[in-house]
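Taken from TrEMBL as is:
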DOMAIN    39-285  domain 'G-protein coupled receptors family 1 profile'
TRANSMEM  21-47  transmembrane segment
TRANSMEM  96-118  transmembrane segment
TRANSMEM  139-156  transmembrane segment
TRANSMEM  203-223  transmembrane segment
TRANSMEM  235-256  transmembrane segment
TRANSMEM  268-287  transmembrane segment
């Protein structure tokens, strides 16, 4: 395929063409984005400023919160701004960068979720060897592998798209630049490219989900030998993680593990892994987590007390 194009920008169709719906969506997604930023920043600061940062699970959680902020910031600010204008344009360069950033941060988040599942599996199945297996150096390696994996995946997707010819029409039936809608407007046969996307993004999502599901089957099998109190504590922590995994992987598998085509429902499913899941992650990880709630109270009450003492001084 020749790397040529006759267009310099794409026109995003967006979520809806009705003005009253767009006004509602503007208010709703503005609230969602503020909730994502504030919730994940609270978790990030609370973990980093407390002793929880020394525990592998919360070390990974702090990185997950930072990835949630980066991931949703690739899409949500643009979506909110577009809801205020009639015609929603995005330049060719920004479109390619958005695809790269979405897949880069998305795969990092997927691999961090896998690392968190591995951490819980080791903690419950090998408690005596936990600190040896999940040492801080090995946690650093897992995070580094996540970043390398994200870069390798996103670069392959970027190279696939950058060589597609775009000569019109330039309308993308989505609220952000995604691979399948871009394949649809490319003026060449994209059958092979679509199969490569399914083999890449789709299989990564499916294989990771199966491994996560398998790890929790092992955990549930191991918990039979624990006391009722220990089972309740373990299930409380794992239940939060399972909820996040389902919210993120369910729509992702639907979006990428299928024949390379587009459906009207794609936009709704995309909202789950671009906005809804990052918004609910802080709530899911704090509502049933006593350690996290104590750390939040300790860190933020100390900050408020210190600020008050400074003002009085």
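Please read every residue number as a count from 1 along the shown chain.
Heads up, the Cβ atoms here are built off N, Cα and C, so glycines get one too.
TrEMBL labels come from automatic prediction, so no person has curated them.
Highlighted: of the candidate stretches 21-47, 96-118, 203-223, 235-256, 268-287, 96-118 has the greatest count of Cβ pairs under 8 Å to the transmembrane segment (139-156). Between the transmembrane segment (21-47) and the transmembrane segment (268-287), three or more CB pairs separated by 6 or more residues in sequence fall under 8 Å, so the two stretches touch.
For the transmembrane segment (203-223), the list of distant contacts is 107, 110-111, 113-114, 117-118, 120-121, 124-125, 153, 230-231, 234-235, 238, 242, 245, 249, 252-253, 256-257: same-chain residues at least six beyond its ends, Cβ to Cβ under 8 Å. For the transmembrane segment (268-287), the residues of the chain that approach it from at least six positions outside its boundaries are 29, 32-33, 35-36, 39-40, 42-43, 61, 64-65, 68-69, 71-72, 75-76, 102, 106, 174-176, 178, 240, 243-244, 247-248, 250-252, 254-255, 293, 296, judged by C-beta separation under 8 angstroms. In the predicted model, residues of the domain 'G-protein coupled receptors family 1 profile' (39-285) average a pLDDT of 86. Under 8 Å from some Cβ of the transmembrane segment (235-256) lie the Cβ atoms of residues 57, 106, 109-110, 113, 116-117, 120, 124, 178, 180, 197-198, 201-202, 205-206, 208-209, 212, 216, 219, 223, 266, 269-270, 272-273, 276-277, 280-281, 284-285, 288-289, all in the same chain and six or more residues away from its ends.
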